[in-house]
Amino acid sequence: MWWDERVSARFRRNLQPTLTYWSVFFSFGLCIAFLGPTLLDLRCQTQSSLSQITWVFFSQQFCLLLGSCLGGIFKRTLSQSLFALFASSLAISLVFAIIPLCHNVVVLAVVMAVAGLAMGCIDTISNMQLVKIYQKDSAIFLQALHFFVGFGALLSPLIADPFLSDTNCILSNSTANASSNLPHIRKSLVPHHPGNLSHYDLPMKGMVVTRVSYAFWIMALINLPVPIAVFFLLYKERMVPCFNGSSHPLLSADELAMEARPVDKDELCTPAQRPHTAGGHDDLFSCCQSQNFRGASYTYFAVHITGALVLFMTDGIVGEYSGFVYSYAVEEPLSVVHKVAGYLPSLFWGFITLGRLVSIPVSYRMKPATMVFINVVGVLITFLLLLIFSSSVVFLFVGTASLGLFLSSTFPSMLAYTEDILQYKGCATTVLVTGAGIGEMVLQLLVGSIIHDQGSYSFLVCGMIFGCLAFTFYALLVFFHRMYPKPSPELDDASPDKAAVTGDTGQYQR
């Protein structure tokens, strides 16, 4: 095997929980990508306007952000975390099943808000639990985790595609020539930005002939094994209520470590005898409590902030590029044919998924800090070349693929790098997930407004500016990393964040 026996043994002993977290992230990906392609059919189902239906996008994204902030609440015990994941993954299946029954746009927005909350909890908890299990070896497993979200995001549009309407899905006497433009309208819709599509006359009243309900029911069935897998993990750990199992604290780093070694006397000291460290992985609001800041250096805050800002920019680039590359391509000077330009978002997400797959073995040989450096530099160079060859259709496709590859592993690599710096203390996971979510939502809205005012060329200029900012924040993060206090040799030999234990079994504990 391309990884060593120590990591392989750790993976085998934590096989069921690791596969469970990966499957839950597949559920996250399945839910995150279906809304764009199906939005026009949902408009017909709810008989709403384009501007009204795009608010469904906003409700999902806003509640995803809120769920990411609150996800750390469930970190205190493994049972809380698993019950939250079970409820969230089950909620996603129920959302898929309920969407075809939503014939009012407000009801649909509420249902998608519930899905957003569930997705946010999954995002924070799954990342956090893998970091807790694997710690210094978490980078490779985080890369695999984010491959599964990419796989789910690729699969759901493929499932929906056969059931999307080729013509106007509301039959009425006022049906205009918009039917021939449905693929163009579908690709141009982004969160709360109908843009210049208001001139298309799409009827709001009449007979609804959409078949998109079948796609949602298929996705509900595909997702159903995920909550079942979480339930089996709960059952294995005797946390199902009928077993009267008590809630046990999550594993300390020692209990998670796989190497059998004698216990040092430092490990047997009481919590009161250990050096004080800033608070653990909590929800965003608990992280901001003053008692977590006592004794923390300014670099502690700087690492959190700069790490979150890097992901604010890079995830924001993912959101704005996937949302507007089609609109940029069909405008002058490129004027790409609608059908050809429609492949660009799929190409972008396909190479993101491919990059995450390739990053799984690469992350074992390369440090997370190096991977993030390559990513942000690659994004900068790609945007620079896109600007230079802005009139080349061929290079637009090449640049889109390149950008997907460089952005693919940024989030898991940055998460692993930041957690390593903070020695698995603080609130890195929650803060980084929240920063990435805010960036994806805010920058997409910002770029949409700029393109509307300044023209399509500003799309690439914005990407270049965001890439420069991401590199700047990464350079600051490296600087604060060098300034951050190093752990003592005793804490460096063992995993950080110790708890008193009498042995090291290497098993997944409650």
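Our numbering is plain: 1 for the first residue shown, then up by one each step along the chain.
Each Cβ is built from the backbone N, Cα and C atoms, and glycine gets one as well.
TrEMBL annotations: computationally assigned, not manually curated.
Note that the structure is predicted; figures quoted are calculated from it, not measured.
With a cut-off of 8 Å between Cβ atoms, the residues of this chain six or more beyond the transmembrane segment (21-40) that come close are 53-54, 56-57, 60, 85, 88-89, 92, 95-96, 112, 115, 118-119, 122-123, 126, 129-130, 144-146, 148-157, 159-161, 164-165, 169, 182, 185-186, 189-190, 212, 215-216, 219, 222-223, 225-226, 229-230, 349. Taken from TrEMBL, the feature transmembrane segment covers 21-40 (among others).
Look at TrEMBL and you will find 52-74 (among others) tagged as transmembrane segment.
If you look up TrEMBL, you'll see 81-99 (among others) marked as transmembrane segment.
Within the chain carrying the transmembrane segment (105-126), a Cβ under 8 angstroms from the stretch's Cβ atoms is held by residues 21, 24-25, 27-28, 31-32, 35, 42, 45-46, 48, 52-53, 55-56, 59-72, 74-75, 81, 84-85, 87-89, 91-92, 95, 98-99, 145, 429-430, 433, 437, all 6 or more beyond its ends. Residues annotated as transmembrane segment in TrEMBL: 105-126 (among others).
Residues annotated as transmembrane segment in TrEMBL: 138-159 (among others). Panel annotation: around the transmembrane segment (138-159), residues 3, 7, 11, 18, 21-23, 25-34, 36-37, 126-127, 130-131, 215, 218-219, 222, 346, 349-350, 352-353, 356-357, 359-364, 368, 371, 408-409, 411-413, 415-416, 419 of the same chain, lying at least six beyond its termini, place a Cβ under 8 Å from a Cβ of the stretch.
As annotated by TrEMBL, transmembrane segment applies to 214-235 (among others).
Residues annotated as transmembrane segment in TrEMBL: 298-318 (among others).
Marked as transmembrane segment by TrEMBL: 340-358 (among others). Nonlocal intrachain contacts for the transmembrane segment (340-358), taken as residues 6+ away from its ends with a CB within less than 8 angstroms of a stretch CB, comprise 33, 143, 146-147, 150-151, 153-154, 157, 183, 187, 318, 321-322, 325-326, 329-330, 396-397, 400-409, 412.
Summarising the annotation, TrEMBL assigns transmembrane segment to 370-389 (among others).
Taken from TrEMBL, the feature transmembrane segment covers 395-417 (among others).
Residues annotated as transmembrane segment in TrEMBL: 429-451 (among others).
Residues annotated as transmembrane segment in TrEMBL: 457-480 (among others).
Summarising the annotation, TrEMBL assigns region 'Disordered' to 489-510.
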Looking only at residues six or more beyond either end of the transmembrane segment (395-417), which have a C-beta under 8 A from one in the stretch? 127, 131, 138-139, 142-143, 145-146, 150, 307, 310-311, 314-315, 317-318, 321, 325, 329, 334, 336, 343-344, 347-356, 358-359, 362-363, 367-369, 371-372, 374-376, 378-379, 382-383, 385-386, 389, 428-429, 432, 436, 477
Sequence-remote contacts (6 or more beyond its ends) of the transmembrane segment (429-451), Cβ cut-off under 8 Å? 61-62, 64-65, 68-69, 71-72, 120, 123-124, 127-128, 131, 190-193, 195, 281-284, 287, 304, 307-309, 311-320, 323-324, 327-328, 411, 414-415, 418-419, 458-459, 462, 466
Contact set, same chain, for the transmembrane segment (457-480): CB under 8 Å, 6 or more residues outside the stretch: 299, 302-303, 306-307, 309-310, 313-314, 316-317, 320-321, 324-325, 327-328, 369, 372-373, 376-377, 379-380, 383-384, 386-387, 390, 417-418, 443, 446-447, 450-451
